[in-house]
Amino acid sequence: MKVIEKNKRPEKPSKKIDLLKKKLMGRMTDPNNEQDPNKKKGFSRNFFFILIAAFFLILTMQSLSSSKGSKVSFSHQVEHLVNLDFLKKGHSEKTAQNDNLVTFRGRFKDSITQESKNRYRFLELLNTRNTLIASKSNLSEQLETQQERVFHSAGQFLSIVGEQLPKEGFVVVSRYYNTQARENAVILKSLPQYSGASLAKVGQDLNSLSSKATLTQDEVNSLGSDIHGVLQSLRSPSVGIGSGSAKLELSKLSKKLTALNANIAMKSRELKLIALDSNTSMKPRELMSSYSEIVASLSSLVKGLMKETGGVKLAGLRSVRNYLVDVEQYSKVVVAQSDNQLQVAKTSKAVESVTWFFNDQEMSTKTLMTQSPENYALWFTSASKEWGDFAENQGLPFKAPDQSRNNVLDKTFTSRENSPNYFSYLFFTILPVFFVIMLLYFVFSKQMKGGSGGAMNFGKSPAKMLNQSSNKVLFGDVAGVVEAKEELEEVVEFLRDPTKFTALGAKIPKGVLLIGPPGTGKTLIAKAVAGEANRPFFSISGSNFVEMFVGVGASRIRDLFAQAKKQAPCIIFIDEIDAVGRHRGSGVGGGNDEREQTLNQLLVEMDGFETNEGVILMAATNRPDVLDKALLRPGRFDRQVTLDLPDIKGRFEILKVHARKIKLDSSVDLKEIARATPGSSGADLMNILNESALLAARKGRNAVIRVDALEACEKVRYGKERRSLELDEKEKLHTAYHESGHAIVGLSVKYSDPVEKVTIIPRGMSLGATHFIPEKNKLSYWRLELIDRLAVLMGGRVAEDKFIHDISSGAQMDISQATSLARSMVCKWGMTEKLGPVAYDDGNDQNYMPMPSSKSYSEQTANMIDAEVKKLLEEANNQAKEIIEANKDKMELMTQMLMEFEVLDKEDVGKIMDGSWDSESKRNKMKDHLEACTKMPPPPPPAQQEDNQGQSSIDDPAPGQA
């Protein structure tokens, strides 16, 4: 029965149905409901995007349809189309746009007619005729030059061999090669003067000496000298024997003769007269026999060259051979020209009645044949292109708008009035303008709306508000700035419980200016203040207030403070406030530019007639010197909090904060990293730990070991090792001498910082480095320290001059630092007796415009300053010379060790200086270091690692980098 009773109860609605009904009724009665019919709905943005897409689609279709037309775009093309008879009759029309411009249209024929072929054939033959005429003229000039060379080289050859010319002359090239237009034969009628002995004369002397019973050494020497002269003359470039076999034979004979002459010169000192039957070691008859062989070989070679082949003698000469090539080419051109004349005469009859248009001139066929070959060649190139394009253009229409009027259009195209096309004007003129305006509207609205709203809301503040859920930064996440956190605790207390201060009549500072170098945590500590107070936090950059429109910056300032008042008590944070807070009156617009209006509005909002109780303005800058004085006065920025670079204790605390998220091996000592990173900001320290984790992950480790941390420290501070940079041994040796000079001087002077490491491994922009780490925090510099520092900077250059006997450009940075340091000693710190305690640098930072600045001292004082700077540098250079001269052996040893090991640490350089250096010990040390680098440590427990690091002592003095 109970079950039946349950089934009878559906008439009462369940709780879920009641809930759904309430929600439905609420939506129907909600005035803000999107389905309210009374609510006005604007055009959907998708609708405008669809219209734009349709417009571009129509333009694309139009361009595609127009691309199907023929390739006719200019009026000068029509000249060739008419000449070649490519256009259909009755389709060529022109419409005048004005006195000089026309729009013409027409249609190509469906195929090439015989008339078109005849016309193009005639034009082609005419172009060939001009080409052949030019070629014939060039070859004729070239033959004249070649003929002169043949006369010269052949005459030289015949003079050397002693050939006698016959009455009719010596025929080099016979009359067989003559043509009707030119006489190409080469016949020598006379020979040039030749002062040496000829080959014929040498033969006669040889026969005469052979018949003698007694020979003297001088006679043999004279004969050998004459033979040598003949050989050298035949091998001279003026003769130009081009036959390979002849040149090889002449080379062999020359070497043989040289050897014989050398033998004669050696023996001539011992023998004065040699009888015919002498049994001595020197036998002139044998030498005469060798000379006879050489002369016979020469005579045979000359005979072969003078042999006539095909009506040509001396064909082995290079000039004769080149001349015959040009003669053959000239003959071919003459034959081709004759054939061309016949073909031109035949084709010209087929086109005799054609009227041609040549360069906007109307002429007959005979007149066309008389045109300049140069002009005709350019004109025919365009005609030939139109002939080649006909295959793509045949049967297609063409239209070319707004072209210059010419003769062929006036004579062959019919005129037509231009009918108005209202649809085209509306669609392609008015509609594109409308779409461009709509597109600009949407782009403008997106860029200028300033966060939310429409296009005209760009005056709204773009500041981002962080609340408790989005801002999770607390004071525990900020380390190394103890004094700054103490200064800001009052602000936090006021935001938590303002009545505690207002009850006593106290006022919390309206503004807090955070000052410090980049990376010191100014933005982070501002977030921590908001996180500790658990209040809204408005964050904005100073550059967001300056826009291209006048008044935008001031409007955003007003809107920002209006939003902050609604959320009071709260914090406004302006990062890089110097973008809008610079001194007034230094801009381009005098005192009335946009940035100054923004600054004036900020001053009014901070301390004007209206009160902003509960709104605290925090700002950050690294240039407090450029801020306007009105901005820094009490009542606006009442408190200035300085966040300087952390000391060793601060760096250690910062490292502990960032080490919470990184797995560190027990070998990593955060105190060691803090000591090795003087002058580093919090951002640098975070980057060092992140780089060490990346290095460990790259090497496949499951935790960061000491080697990774130290390598990351050097990478962030000095740059990545450039081991891919190829340096030869000489360059490495020069770098080793340079760095050894720095180290030796640094270890020898009294007030220098200790040397931490010397390396010749390239890092960043340097080829090597010498690292110094101070023994304590340095808040000021003493004169003796700076003088020793100048000597250390000069050590590298002095070492180069001493051991390499030259100076490289590697000392550029050293000289620059030394000059800057010496000038500061003279002009800022008053460390010279001659000039005394006077500051000569005005340090004027008021001028932001590129205007010339004036000095506050005379030219005489400027010369004295330069002299004192030079004196300090010269004294430092002399001091470095004395130290290096006294430690030459140690310099050589340190340089050799750097060449071998590339890196020397503090312990190594100490052993070199005290004479206890052991190379084998260093090798074992590097071997242990290599094993440590390849070690794979187990991941330590994070909690235990943090405790271990927290127990490290930080009482040691802080290091710094010189």
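Yeah, the Cβs are placed from backbone N, Cα and C, and that goes for glycine too.
Per TrEMBL, the features are:
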type: TRANSMEM; residues: 422-444; note: transmembrane segment
type: DOMAIN; residues: 508-647; note: domain 'AAA+ ATPase'
type: BINDING; residues: G516, P517, P518, G519, T520, G521, K522, T523; note: ATP binding site
type: ACT_SITE; residues: E739; note: active site
type: COILED; residues: 862-893; note: coiled coil
type: REGION; residues: 913-962; note: region 'Disordered'
type: COMPBIAS; residues: 919-932; note: compositional bias 'Basic and acidic residues'
type: COMPBIAS; residues: 945-954; note: compositional bias 'Polar residues'
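Shown in sequence order, N622, D644, L645, S681 are the residues of the chain, 6+ apart in sequence, with a C-beta less than 8 angstroms from the C-beta of P517 (ATP binding site). As a summary of secondary structure, the domain 'AAA+ ATPase' (508-647) carries 54 helix, 31 strand, 55 coil according to DSSP.
Between the CA atoms of K522 (ATP binding site) and the residue listed as 'active site' there is a gap of 38 Å. Here the binding-site residues are T520, T523, and the one whose Cβ sees the fewest other Cβ atoms within 10 Å is T523. Working note on the binding-site residues G516, P518, G519, G521: by count of other C-beta atoms within 10 Å of each C-beta, G521 ranks first.
Same-chain residues with CB within 8 A of the center of the G516, P517, P518, G519, T520, G521, K522, T523 CB atoms, the ATP site residues themselves not counted, are L514, A620, N622, L643, S681, G682, A683.
Long-range contacts of the coiled coil (862-893) within the same chain: residues 737, 740-741, 744-745, 748-749, 787, 790-795, 797-799, 802-803, 818-819, 822-823, 825-827, 832, 834-835, 840, 855, 912-913, 917, each at least 6 residues beyond the stretch ends and with a Cβ under 8 Å from a Cβ of the stretch.
Residues within less than 8 Å, Cβ to Cβ, of the residue listed as 'active site' and separated from it by at least 6 positions along the same chain comprise V758, T759, I760, G768, A769, T770, G796, L898. Secondary structure from DSSP puts the residue listed as 'active site' in a helix. For the coiled coil (862-893), the model's pLDDT averages out at 89.
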